[in-house]
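A.B. asks: One structure coming up, written as structure tokens, with questions to follow.
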Amino acid sequence: MSRESNKAEELSSAPRISEQRRSSSGGNTTTTEKESIDEPISPITECPPPAHARDEKEVQDGGPLDAVRSVTSSMRPRHATPVPKENRRGLLPWLSLTPEVDNPTHYSNSLKWVLTLFVAIAASAAPMGSAILYPSLEEIAEELHVSATVVNLSVAVYLISMSVFPLWWSSFSETLGRRSIYLVSFALNAIFTAASGVSQNIAQLIVFRTFTGGAAASVQAVGAGTIADLWEPRERGRAMGLFYLGPLCGPLLAPIIGGALTSSYGWRSTMYFLAVYGIVIFALVLFGVPETLPRHLQERKAAAAATLEDANTTLSRVSTRRSTVQTRTKTVGLWAKRVFVDPLSILKLMRFPAVALTVGYAAITFGSLYVLNICVESGFSAPPYNFSPLITGLLYIPSSVGYVVASLLGGPWLDRIMERSARKAGRYDARGRLIYYPEDRVRENAWISSTLYPGALIWFGWTIQTQQHWVIPSVANFFFGVGSMLVFSMATTMLTEFMPKRASSGVALNNFVRNILSATGTVVTRPLIEAIGFGWLTTAVALIAWIGSNIALLLIRRNSQKWRKEMNEKMS
């Protein structure tokens, strides 16, 4: 009886304790906030997890202490409070028809979907620029008097710039905001793309294309940060699915556009098309996308930089032996560190196993995609098919359809799986809200997708090798699109949840690794086709992808909670 009475007393006192915590937290930072600046997504209201969700094993493994919680406990409408015009952030904020608000998650759902669509369109620009030249490689080689391999090098360099530049864009976005980065990068993209169109030799083309890819790639990292700003965890799978349609459908629609333009107006017209596309995206952002970076994160970064600068100024004033020149040198050194060193610190995130495995899982899939893209162009343009550039471009459509299907159905499926996992584990906070973990997304969807796209890759390779009717390998492309899209949306969403306060940094790291593999695939695929054929090439790539993906998924499922706890402690 005494145990039951004690238990009843504890349960009855829980609301009072919760109320006392809320009333005393007005101006103070909570203990949870102090523990880690990179804990996975925190709830809007502070609520202690219930006793039944915190057994000893969970606490040791980083359980609810680091959980991703649902912040929507009811269906009550939330009102977005507009920020006064004089306090709005980003470049030319008064031109945005969508006002900046104090909490971007409080925008209406319809407006959040529109903003997500704008960011997805912007995210298509960089990968579209890499693939639009596929149908015109031979024409470029002939006009600029170089080999097709050298022209492929221009595509590879473009992909490398797409991997490196986002490290800087992501780092700067954490202090300058998302909107400013978008506007600056797409202004530069339009300029360098137009310059690529007037290149007179291969050296000029490679240089201009390098800066073109780097400028357009800003959205590859910063865009995922915008999605994390707008959407709550339980809704993010669907939103990330729409966002990823941009970078995935871009390279698949580009050969169709490139083939049509090259056939009618020559390869330079593809560059002019991309320049106009960049201007359109610039206008969409200028008039439609407000600043979404949470104000407290931006202010924290700015305050940290200001504190460091003030400390150096104070030291220089009290020290009688330091000259003005030394002080200025120190300031220049701090500026150089911010510009050249800090962005590279993102690479240090790879020391965390949860991040490294998720990034590697997505990167292998993305590298496989570019191997397939080259195989489609090489296979269908050669005998017995001998398709024209336009028809070859149209044969990228099945993969695009697969991406759309996986985006429309896979995103909601991913969110339902996460909710089901939390309910099955009985993880609720004191208000009855579900407590989510990022690894809740790794269920049957992960195992199915990690088998589906390697199988489709083998299917495509051997049906091209044996010269089957073009419909048969095209069906394989559709299933590759479905499987790979499920991988991309899950991996990117998990990265934003592993590091909610550095979402752009995590995605920039993912972008860096995956584009390195994409560039490698672009360079080596054609020589390997000539050496071992389509069938054995796709089989080798598929086996590497299947084995690597399943090992990564198994390790994430078993160790993710423990790894997240260690990561939060180190990053704090």
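Any Cβ shown, glycine's included, is placed from N, Cα and C.
A TrEMBL annotation is a machine prediction, not a hand-curated record.
Annotated compositional bias 'Basic and acidic residues' per TrEMBL: 1-10, in sequence order. The domain 'Major facilitator superfamily (MFS) profile' annotation in TrEMBL covers 115-560. What TrEMBL lists as region 'Disordered' is 1-85. As annotated by TrEMBL, transmembrane segment applies to 113-134, 146-169, 181-200, 206-230, 242-265, 271-290, 354-374, 394-414, 470-491, 535-556.
Looking at the shown structure, what environment does each listed feature sit in?
C.D. replies: Counting same-chain residues at least six beyond the ends of the transmembrane segment (113-134), those with a Cβ under 8 angstroms from any Cβ of the stretch are 98, 107, 140, 151, 154-155, 158-159, 162, 182, 186, 189, 193, 209, 212-213, 216-217, 219-220, 223, 226-227, 230-231, 239, 242-255, 257-258, 267, 270, 273-274, 277-278, 281, 284-285, 288-289, 292, 373, 377, 392-393.
Residues 88, 90, 92-93, 95-101, 114-115, 118-119, 121-122, 125, 128-129, 132, 178-179, 182-183, 186-187, 189-190, 193-194, 196-197, 212, 216, 226, 257, 261 of the same chain, all 6+ positions outside the transmembrane segment (271-290), place their C-beta atoms under 8 angstroms from a C-beta of that stretch.
Residues 131, 134, 159, 248, 251, 396, 399, 438, 450, 453-454, 457, 460, 477, 480, 484, 487-488, 491-492, 494-495, 498-499, 506, 509-510, 513-518, 520-522, 525-526, 529, 537-538, 541-542, 544-545, 548-549, 552-553, 555-556, 559-560, 563-564, 567 of the same chain, all 6+ positions outside the transmembrane segment (354-374), place their C-beta atoms under 8 angstroms from a C-beta of that stretch.
For the transmembrane segment (470-491), same-chain residues at least 6 beyond its ends with a Cβ under 8 Å from one of its own Cβ atoms are 237, 240-241, 244, 248, 252, 358-359, 361-362, 365-366, 368-369, 372, 376, 379-380, 385, 387, 395-396, 398-403, 405-407, 410-411, 414, 441-442, 445-446, 448-457, 459-460, 463-464, 510, 549.
Sequence-distant contacts of the transmembrane segment (535-556) (same chain, at least 6 residues past either end, Cβ-Cβ under 8 Å): 353-354, 357-358, 360-361, 364-365, 367-368, 371-372, 375, 439, 442, 446-447, 450-451, 453-455, 457-458, 460-462, 464-466, 487, 525, 528-529.
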A.B. asks: Are the transmembrane segment (146-169) and the transmembrane segment (394-414) close enough to be called in contact, which here means at least 3 C-beta pairs under 8 A that are separated by 6 or more residues?
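C.D. replies: Stretch pair does not touch.
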A.B. asks: State the residues, same chain only, that lie 6 or more residues beyond the ends of the transmembrane segment (206-230) and have a CB under 8 A from a CB inside it; answer 'none' if no residue qualifies.
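C.D. replies: Cβ under 8 Å, 6 or more out: 104-105, 107, 112, 115-116, 119-120, 122-123, 125-126, 129-130, 153-154, 157-167, 169-170, 173, 178, 181-182, 185-186, 188-189, 192-193, 195-196, 199, 236, 239-240, 243, 246-247, 274, 278, 289, 292-294, 492, 495-496, 500, 503-505, 507-508, 511, 515.
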